[in-house]
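Inspection log for the structure reproduced underneath, given as structure tokens.
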Amino acid sequence: MAVTESTSLLKGSDPTLSWRLLFYVNVFFSCVSFSIILPSLQPYLSRNGASAYFYGLTVAIYSVGEMVGAVAFGKVYESLTVRYEGGAKTTLLMCIGLGIVGSALYVAGDIFGSPYMIMWGRMLQGLWTGGKQVVEQTYLSETAPPDRVTELTSELGTFAILGFVCGPSFGALFTSIDVNLGNGLILDAYTAPGWFILALCVIIFGVVCVSFKPEPAPSFEGVSRVDGGLRKLGGGGNNTFERSYTMDSGGAASGGGSSALSPPNEKGLSVLLLLFIVHFFSFAVQETITTPFVLQAYDWTQRDVNLLFVGVGIVSLVTSVGVKYATRCVDDYHLLITSLLVGLFGSLMLIDSFPGWGGSQVLPVGRFFLGFTLITVAFPFGRNVSLSVFSQILGPTPQGEWFGWMFAAGAVPRIIGPSWSLYALDIACKLEHMDCFLGGRTWLEFSVTGGLFAVGVAAAMAYKNDLKPYGE
């Protein structure tokens with residue numbers, strides 16, 4: 001039987017325009033909340049009596065919160081949107097509410113001299129960020145026209161990545177603030193970022209309440225619930241589009257007579273989870289080691305580092321715009337392979353020299369720039385295309401819980417990556433029985449990263465047929 005989604009985009013009407021700007025601003029500032037805090041977090045905790053170990057725990061717990069929030073709110077989204085059309089809005093408001101509470105705890109920690117309040121505040125902010133990304137990506141994937149999912153995911157990803165990159169720049173605006181407001185309330189370079197995020201959360205909460213009017217998610221006529229459920233065909237909304245799937249008696253995508261859709265291709269979904277982890281691991285390594293490495297290896301100033309990250313923002317923006325237009329002439333599978341190859345070559349460029357091979361023990365600055373640029377290109381490229389292909393494999397299956405697991409997978413490398421990346425530079429020196437100097441040795445760090453990209457390429461090629469859209 002043919003299972004057909006209700007047809008036709010209304011002429012002259014774009015179903016995405018009503019929520020695009022809201023989502024883009026929201027995702028940008030939620031990702032700013034991660035990176036705006038990092039430069040000031042250690043001294044902020046220290047003045048409230050925290051140890052260096054507690055600082056590491058507080059950094060990691062944000063990503064733990066992000067991972068838990070992704071899975072939990074993916075389930076909540078799926079449950080609420082099946083019940084009523086406003087489920088997406090309710091779930092998004094719940095996420096932002098946690099951001100408000102977390103930000104309030106973060107600034108209250110200084111008033112009460114409690115590093116634990118700061119730590120739990122960061123965890124709640126992580127829950128907000130993880131949940132919000134899942135809600136927005138799932139809503140996009142379920143309501144946007146199929147031929148625009150990759151393009152719109154690229155746009156959304158652009159603002160997420162720019163949020164991560166631009167956060168420290170926002171934080172720099174507060175470095176000259178130092179005002180004692182009395183009663184233990186101090187507004188300075190350490191607390192101002194927290195107040196900034198708190199104010200933004202309150203504003204965004206109000207804007208979502210007033211302006212976000214979810215479109216009904218497309219669903220399918222005469223289809224029973226499978227593995228968590230497929231929505232029955234409802235009103236379909238004013239802006240709907242057509243997808244057609246044909247099922248056989250066993251639920252497979254061919255001709256037959258069952259009313260149930262088959263579950264999505266789990267092999268393909270598993271491969272994409274792996275690729276997502278690879279790209280996020282590379283990103284975690286890059287954001288962790290870049291500053292300490294270039295300060296020591298090339299004797300750069302903090303101004304030089306800031307300019308480098310401004311460049312990262314520009315490259316990320318150009319890459320995401322490029323992906324948007326590339327989707328119009330290149331299929332998603334080849335874009336996915338390209339992102340992995342770019343990451344692989346970037347990692348190879350960042351290897352200084354292997355033990356016993358001779359050559360410079362310090363990575364030449366020219367190779368650093370080339371490798372750094374390629375890695376910077378690979379992350380938004382691979383992240384955005386992976387999300388789009390993931391959505392296409394899911395097809396008509398409700399996507400909230402699946403995207404929850406995908407963003408949770410992306411959070412794992414950001415929990416373990418920072419610790420590994422800093423130790424790897426030092427371990428490489430010890431393996432060569434030499435003193436570490438000038439930032440450490442990079443061959444171990446980027447051999448591992450390059451190896452992960454190579455595994456990703458092999459997996460994507462081996463399971464190419466499992467990466468096709470649902471029903472093909």
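Every residue, even glycine, has its Cβ placed from backbone N, Cα and C.
Going by TrEMBL, these are the annotated features:
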- 21-41: transmembrane segment (TRANSMEM)
- 53-73: transmembrane segment (TRANSMEM)
- 93-118: transmembrane segment (TRANSMEM)
- 156-177: transmembrane segment (TRANSMEM)
- 189-213: transmembrane segment (TRANSMEM)
- 271-295: transmembrane segment (TRANSMEM)
- 307-327: transmembrane segment (TRANSMEM)
- 333-351: transmembrane segment (TRANSMEM)
- 363-382: transmembrane segment (TRANSMEM)
- 402-423: transmembrane segment (TRANSMEM)
- 443-463: transmembrane segment (TRANSMEM)
Stretch-level contact, the transmembrane segment (189-213) and the transmembrane segment (402-423), CB cutoff 8 A, at least 3 pairs: no
Criterion met for the transmembrane segment (271-295) and the transmembrane segment (333-351) (at least three Cβ pairs under 8 Å): yes
Leading stretch by Cβ pairs under 8 Å, where the reference is the transmembrane segment (21-41) and the options are 53-73, 156-177, 307-327, 363-382: 156-177
Surrounding residues of the transmembrane segment (53-73) on its own chain - C-beta under 8 Å, 6+ positions past either end: 34, 38, 41-42, 45-46, 91, 94-95, 98, 115, 118-119, 122-135, 400-401, 403-408, 411-412, 414-415, 418-419
Stretch of maximal Cβ-Cβ contact with the transmembrane segment (156-177) [cut-off: under 8 Å; candidates 93-118, 307-327, 402-423]: 307-327
Long-range Cβ neighbours of the transmembrane segment (93-118) (under 8 Å; 6 or more residues past either end): 26, 30, 33, 37, 44-45, 47-50, 54, 58, 69, 73, 76, 124-129, 131-132, 135, 183-186, 190-191, 194-195, 197-198, 201-202, 204-205, 208-209
